[in-house]
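Now, the feature entries from TrEMBL:
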- 5-292: domain 'Aromatic amino acid beta-eliminating lyase/threonine aldolase' (DOMAIN)
- Lys202: N6-(pyridoxal phosphate)lysine (MOD_RES)
Amino acid sequence: MDVIDLRSDTVSHPTPEMRQAMASAEVGDDVYGDDPTVNRLQELAARKMGKEAALFVSSGTMGNLIGVLAQCQRGDEAIMGTLAHTFLFEQGGISALGGVFPHTIPNQPDGTLKLDDIESAIRGEDVHFPISRLILLENTHNRCGGVVLTPDYTRQVAALAKKHTMNLHLDGARIFNAAAALGVEASELAKPADTVTFCLSKALCAPVGSMLCGSKEFIYKARRLRKQLGGGMRQAGVLAAAGIIAIEKMSLRLGEDHARARRLAEGMANIPGFHLDFGMPSTNMVFVSVDESIKYSAREIAERLSADGIKVGVTGDRRFRLVTHYWINDAAVEKTLSAFARLSK
C-alpha cells in the first residue's frame, strides 16, 4: 500500500533527477573549501537571497543557531515571537550553547510581530539590562498556519533594527513557499534581513541540508562556528548536488503544493466535525481542529487514518496539521478527504 504522508514536507524524498545528480556529483573536501559542487550550491544560494555569500549546513536548526551565535555575544538578547521555531523547537540551543537569552513577544495571527512590541522589547542603556542585539522573524510562519510575511513588513522591521544598531535574522526555512504565494522573488523577501536561512529538505525535496546566507564577513564567522559545532562535512557535494536541483527546479513548482493544500482545506471545511484553524491556507499547510461532535481525539484519528495508509501530524489533543509537498498528488488529496469523511459519520 502506498503511504500518503502529510505529517510534514520534511518527509519528502529526493526526485529521480536528484538521485542521478548525487550519484555523479563532483566532490572534494568541503572543510578545505575544495568541493566544487558545494561551492556552486553556496554561490547559487547567495545569489537567490541577494547576499554576498552562503554556507551549506546540515539543518535549519544549525543554520539558525549559527546565525544567532555569529551575531550575538553571551548574555545578549534576541527578540523573537512566542511561536517562533527557534524558541519552541530548537532545544534552546541559542541559550545552551551561546548564552543568548530569547526575549519573546506575541506573534500576531498573520505571523508578524507588532512594531510597537518590538520597540518596547528593545532594552535601554541601563547597565542592569542585557543588550538587545538581534531580531528574528520567520517566513513562512509555521505555527501561525504557514502564513507569509510581506517584503514591506520585513523592510519595516529591518529599519527598526538599524535604528537601534541591531541586526535582523530571517528564519526562511520555507522562504520559497512565501515567494510563490506572493508572486515575488525570494531575494525580495530576504534582502532586508542581515542574515537568512532556508531549508533544502522540506518542500524542495533534497535529502539533507539548509543554507545560511549573509555578508562575506558573517559567513567567515559562520564557517568557523559550523566547524566548532561539528558541522564540517567532507565530500558533501553528494548532498549539494540535490540542493542545486532543489533551488533551480523544485522552487518553481511550489504553487502546485499550495493549490493542493487549498483543495484539502476546502474539502475539510465541508466535512462535519472538522474546522480550519486559520482559514484557507496561503501556502502548503492546513491546520484542522476536531469538534466535540467527533468522538475521537486527534491521535485516535491519526491511528485510524494510518490503517488506511494516511499519515497526519498531531499537534494537540484535538488538532492536527496536513502539509502538502511534491509526493502528494491530486489522488492522494481526494483519498485523504474520503477517509476523513468516513470518520465523521
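Cβ atoms here come from the backbone N, Cα and C positions, even for glycine.
The DSSP secondary structure for Lys202 (N6-(pyridoxal phosphate)lysine) is coil. Within the model, the domain 'Aromatic amino acid beta-eliminating lyase/threonine aldolase' (5-292) shows a mean pLDDT value of 98, rounded to a whole number.
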